[in-house]
Amino acid sequence: MLIVLSLGGSILAKNLDPDRFLKYADVLRKLSKKHTLLVVAGGGEAARNYIDTARAVGADEVTCDYIGIEITRLNAHLLAAALGPDACPEIPTNYLEASKAIRPGKVVVMGGVTPGQTTDAVAAILAEFLRADLLAIATSIDGVYSSDPNCDPSAVKYDKISPEKLINIVMAIEMKAGSKSPVDPVAAKIIERCKLDALVMDARDPVQLEEVLDREAAKKSPISCGTWITTKI
């Protein structure tokens, strides 16, 4: 199975803790022995801090985007270092490079690509480009809700959801000040466009990430820590 994983910087690079990188690397190493695996690393708090500082000194938004991309690539380098010989030696900077980097048993690790796109969007486009079997969005949220659960205590979690419904929810959440959707709007559009099977899951525990991707990916069964996005409902 070819899996593209968007690994959120908020969980991978939290406090830039080396142990977290090593734990995720261990999980990815095991998964790569059974699946073809490409990982897009997010920027997390470090990216947000750099972008905030860039804005404060007068940088335009495109420059801020490029700074964020560089931070995601630094996180990708750290994860690749933690993987050691089990990672492809080069960090791809575009989709074609990523496709050419695929090797049996090796994990391809990359960061952002284009200004204006989150790493979730990059992962979705990469999954479409490679015709991946699964796009997994690993984050600190345990799935897709009817609204932002941090702002709305009555929000309902979905076990499965169609791409069309996902877009409606994401756009509604993004319109509300202070709310944050679990999937980037561009990523949601890509998922709809290519009819891609996707999973949004809580992966703060690296072991949980391994269990879900390894045991559940082929079954598309409901999981407690995530939401399936699929046309097969």
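Using N, Cα and C of the backbone, Cβ positions are placed for all residues, glycine too.
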Of D26, D60, D65, D133, which does Swiss-Prot put in the UMP site with G43, V113, T114, P115, G116, Q117, T118, T119?
D65
Pairwise Cα distance for Q117 (UMP binding site)/R48 (ATP binding site) [Å, integer]
14
T139 (ATP binding site) versus binding-site residues V113, P115, T119 - nearest by Cα:
T119
Distance in Å spanning the most remote Cα pair of G43, D65, V113, T114, P115, G116, Q117, T118, T119, given for UMP:
14
Which Cβ among the binding-site residues (S10, T119, T139) has the fewest C-beta neighbours inside 10 Å?
S10
If you count Cβ atoms within 10 Å of the Cβ of P115 (UMP binding site), leaving out that atom itself, what do you get?
14
When the Cα-Cα distance from G9 (ATP binding site) is computed for each of the binding-site residues G43, V113, P115, which gives the smallest value?
G43
